[in-house]
There are 2 protein chains.
Amino acid sequence: MTTVSAIDREKGTAFLPRFDAQGLLIAIAVDSITREILMVAYMDEEALAKTRETGLAHFHSRSRGKLWLKGETSGHFLRVQETRVDCDQDALVMLVKPEGPACHTGATSCFYRKLEGEELAPIAG
Amino acid sequence: MTTVSAIDREKGTAFLPRFDAQGLLIAIAVDSITREILMVAYMDEEALAKTRETGLAHFHSRSRGKLWLKGETSGHFLRVQETRVDCDQDALVMLVKPEGPACHTGATSCFYRKLEGEELAPIAG
């Protein structure tokens, strides 16, 4: 077993993804052109491997307990163009080319509302 | 006990944050000017309440098991200017004014490296 220190993760050049106690890390998808945040979900080791192998974003569905190819039913795949890694390597930002609305509601982004007091209001544009 | 349906969460105007089995939701901080993703962490109910009350981003530290005011030691607070909510209300995007580098390494953003093959490379700019 190899021990990986916090310094290795922060300063090193090795990709050493840190999955949490549930075996997950956070993966944020951002439109590579508009830089809008499209969605956020979780990846386990399998989803990360499939994403890297295919270039299409895969996640781990916690509700269904299984691998989830984003777009598998809608055809709205997210093509990964660049993957960024945070300091402690437990979160990723993927710059993607979306092949349709990223949200299952039909919205471009899942973040289509903002908090105004106790209520939610649509985001203009 | 009130039952909240998926439709209420997706289409309604009520803020009904959905904490997971660990009592957490994902909170992403984005620079309100540059739109760069600065960091991502978790909020529990207490951290969300404190953030809304003070206008300063608070998180729940899973490693320390307690409330964490971002900037409490560094002074690099994140002033929340807008909070966006995703379709199923289990993730937030905060547009913030950072009062210093968001990353404890001194980087503007925690996402200062990208994946190139099996290695990590600095992000230019």
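Note: Cβ is positioned from N, Cα and C throughout, glycine not excepted.
In TrEMBL, annotation is done automatically, which means it is predicted and not curated.
Going by TrEMBL, these are the annotated features:
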type: DOMAIN; residues: B:39-112; note: domain 'Phosphoribosyl-AMP cyclohydrolase'
type: BINDING; residues: B:Asp86, B:Asp88, B:Asp90; note: Mg(2+) binding site
type: BINDING; residues: B:Cys87, B:Cys103, B:Cys110; note: Zn(2+) binding site
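B:Asp86 (Mg(2+) binding site) sits 22 Å from B:Cys110 (Zn(2+) binding site), taking the C-alpha atoms as the reference points. Long-range Cβ neighbours of B:Cys103 (Zn(2+) binding site) (same chain, at least 6 residues apart, Cβ-Cβ under 8 Å): B:Leu38, B:Met39, B:Ser109, B:Cys110, B:Tyr112.
Here the binding-site residues are B:Asp86, B:Asp88, B:Asp90, and the one with the most other Cβ atoms within 10 Å of its Cβ is B:Asp86. Around B:Cys87 (Zn(2+) binding site), the same-chain residues six or more apart in sequence whose CB sits under 8 Å from its CB are B:Arg9, B:Glu10, listed in sequence order. Residue counts for the domain 'Phosphoribosyl-AMP cyclohydrolase' (B:39-112) under DSSP (helix as H, G, I; strand as E, B; rest coil) come to 10 helix, 30 strand, 34 coil. The local packing around B:Cys110 (Zn(2+) binding site), expressed as other Cβ atoms within 10 Å of its Cβ over all shown chains, amounts to 26.
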